[in-house]
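Engineer: Annotations for this protein, taken from TrEMBL, read as follows:
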type: BINDING; residues: His186, His312; note: substrate binding site
type: BINDING; residues: Asp203, Asp242, Glu368; note: divalent metal cation 1 binding site
type: BINDING; residues: Asp242, His305, Glu337, Glu368; note: divalent metal cation 2 binding site
type: DOMAIN; residues: 123-209; note: domain 'Peptidase M24'
type: DOMAIN; residues: 233-375; note: domain 'Peptidase M24'
Amino acid sequence: MSNILLKIKRVLIAEFLTFKSFSMKYSCCQKSSILTTNYSRKHFRGFDTCNSFGNLFFKNYFYQSFRRSKFGNYTVIKKPSEVIDSLPVPSHIIKPSYAETGVPSISPPLPEIKNEIQIKGVLEACQRARDVLNAVAQNIKVGLTTEEIDIIVREKSFENDCYPSPLNYRGFPKSCCTSVNNIACHGIPDTRALEDGDIISVDVTIEKKEPYKKFCKLSLSEIEVIHFPIFIKVYYKGFHGDCCETFLVGNVDDKGKHLVNISKQCRDSAISICGPGVPFSDIGSEIDGLAKEEKLSVVPAFIGHGIGHYFHGPPDIYHFCNQMPGLMKAGMTFTVEPVLAQGSKEALILEDGWTVVMLDDSRAAQFEHTILITDNGHQILTYY
């Protein structure tokens, strides 16, 4: 009996020590007080609305117990760690226009039908993006910081004469996105070390750019045909390549593995139906259906996109059931990149303006490929 009481005492002490962090939950969010209060009232109706120490303590205790029983055992990221300034880009790396200004160039108003030269350019960029992501995969381990992941992405990109596309895109401060556990997307690499049981999504885009004159060989008729008025992500020879995976760190619980496995299945299942004449909306139906069968949620805030000499452009690819118009055509390149969550689909942006966390602290996972629509179906450009 004394052993049981001792265990209970230890649990209560541990929960007490987490009280302060709970009472300041999402303190870095501009709407933290509203969101925290609403969430508490929704899930703890047995308590009155008094914010006394005892009431908050028991709210915290039952909240943590509820989260563990429903979503599994993992560390909730409540506030980003220190972000270290990025080093300058080597002078021999040719940069996209936004590298200095943070403002991306104008993308086409309609989905672009690419010619052979453009398809080759996107393919080469995608292959290098995959190469960078593979380098990250080989180094994922407990104790590695997301800042160190960012360094791997930078060095591997520069080794391939590529520019890491996220760097200074609309002001993003790092070379890739690293989203751990309850961070759904756009996590900024920082000094936090990966822990046993974490899951982490690494989004890489790369660009390699050569002098623009090499890409001015299209005739006016070709420009008219392609409607051309103008997170691992790389920029290569004037084109972007984009891919993302979620990795398991150490011993991840079964609920975490289930989330990661189904997220990958959703992406792959959606890609399998792609081909000329297929409605873009079928992608959302395929993903949403599978996610609901597995009792997971599609986070609607994140969509796929067209990609080429521009980072983001049409078509918009929605990963949930929708009635958006548009058919796939041979020559189109776009990403399929659903974000799935264990609980609610609701998310919020932290004060840094980038990091998106799940409102209920559930984990999220993302997988992404860039694909080309061909005459007979599709080709995955960021394949392993």
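Keep in mind that glycine also has a Cβ here, set from the backbone N, Cα and C atoms.
Locate each feature and note its surroundings.
Structural biologist: Reduced to three states, the DSSP call for His186 (substrate binding site) is coil.
Across the residues of the domain 'Peptidase M24' (123-209), the predicted structure has a mean pLDDT of 94.
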Engineer: Within 10 angstroms of the C-beta of Asp242 (divalent metal cation 1 binding site), what count of other C-beta atoms is obtained when all protein chains are considered?
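Structural biologist: Step by step: centre on the Cβ of Asp242 (divalent metal cation 1 binding site), count other Cβ atoms within 10 Å, giving 33.
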Engineer: Helix, strand, coil residue numbers for the domain 'Peptidase M24' (233-375) per DSSP?
Structural biologist: 32 helix, 48 strand, 63 coil
Engineer: Taking only the Cα atoms, work out how far His305 (divalent metal cation 2 binding site) lies from His186 (substrate binding site), in Å, as a whole number.
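Structural biologist: On Cα coordinates alone, these residues lie 16 Å apart.
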